[in-house]
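One structure is given below, encoded as structure tokens.
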Amino acid sequence: MLSGKRILLIIGGGIAAYKSLELIRRLRDLGAVVTPVMTPSAEQFVTPLSVAALAGETVHRELFDLTSEAEMGHIQLSRVADLVLVAPATADLMAKMVQGLAGDLASTLLLATDTPVMIVPAMNVRMWQHPATQRNLAQLLADGVQVVGPDEGAMACGEFGPGRFAEVPDVVDAVRSALTGGPLAGRRVLVTSGPTHEPIDPVRYIANRSSGAQGTAIAEALRALGADVVFVTGPAEVARPEGVEVIEVVTATQMRAAVLGALPVDAGVFAAAVADWRVASASDSKIKKQNGQLPVLEFAENPDILAEVSRLPEGRPGLVVGFAAETDDVVAHATAKRVRKGCDWIVANDVSPATGIMGGSENAVVLISENGSEAWPRMGKREVARRLALRIAAALGAG
Ligand code: CTP
């Protein structure tokens, strides 16, 4: 799939440098030629010997290396590649890229290149969240650099949060898309995500529990396969995905309008936990306590966005994928829900508190279609997203 493609891999100095070894293998499995460059600090984490052995290529390490200069100058090195991949990209390398510094081989190559650049940031969570790094990230995106990850989770340094090196298969997908356009290139896919908040008054609301993690991962996985993604999200906890069109909404009514406005699309994935009801007449001012007299809320039913889109007489997406969060008889309920809502597939999961799925990083889903049900093993939400994205690509005839 990547045969004949040349990737210049710049390995930065961080604990995640060891993941670049796996990355080299996977890229070579697909037929890519990987030319490795290591910063001096990368060599503190993995040895040039390991990198060279896996890449089957010489490791470039020095800016002033007369042999290399005679054979292939560093300018040329950065130009013959189809993609410059920085993995892991440290905070230091990102800052150098933003400043246009060229004091060592890695930064010189990055400044000298006119080839597309992709970075896979990995660093301590505080370093990632520092305003300086976030400023640099914004500048790199504005400069057209493609950014994959970072993931969120437990880190080698013992802290928890965003900063982990993205999963290697996700990086490989992103590289594939960058180099080949990806199986979903030219396809437009809609994803709804997160909860909706239905106001009671200006300070109170009712909502469903949803972190938005699964919907966000799906948007990223579709993007990694080259799709143009429209991401309609309620007030979710997790960071918004990069490289997609984000439409922020609060209520179900707003989500419906945003979804209908985003059509036509080739496929729609409805991962949002939409509130089924809204307060019939939300108060414009804060409801005050009244001598022990309790307020009574009246509800009105929200529009079922999934059912409406599934039954559109015109402009129905070629593939409509719903979600079903159930606490018992998961497959039976979800199978009935698929028919009732008129969607093509339902991704069903058991959200009983004991499963730890809601708000957690893993998911165990059953994919239900007209052909029956298929239980997937418990896996990370990103892996669920990746598999689902590949299935969507296959269903659209693009796999
Ligand atoms: N959904 C939607 N609009 C709504 C409610 C739900 O688009 N107003 C979508 C969700 O995004 C999800 C699917 O419908 O893809 C299933 O949602 P769920 O809440 O499980 O279904 P309900 O309609 O609430 O069914 P039930 O009350 O029987 O569980």
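All positions are counted from 1 along the displayed chain.
Using N, Cα and C of the backbone, Cβ positions are placed for all residues, glycine too.
Residues annotated as active site, proton donor in TrEMBL: C157. A simple way to gauge crowding: the CB of C157 (active site, proton donor) has 13 other CB atoms within 10 angstroms, across all the protein chains here.
For the domain 'Flavoprotein' (5-178), the model's average pLDDT works out to 93. The domain 'Flavoprotein' annotation in TrEMBL covers 5-178.
Residues annotated as domain 'DNA/pantothenate metabolism flavoprotein C-terminal' in TrEMBL: 184-394.
Residues or ranges marked as region 'Phosphopantothenoylcysteine decarboxylase' by TrEMBL: 1-188.
Sequence annotations record features per position, and here TrEMBL assigns region 'Phosphopantothenate--cysteine ligase' to 189-399.
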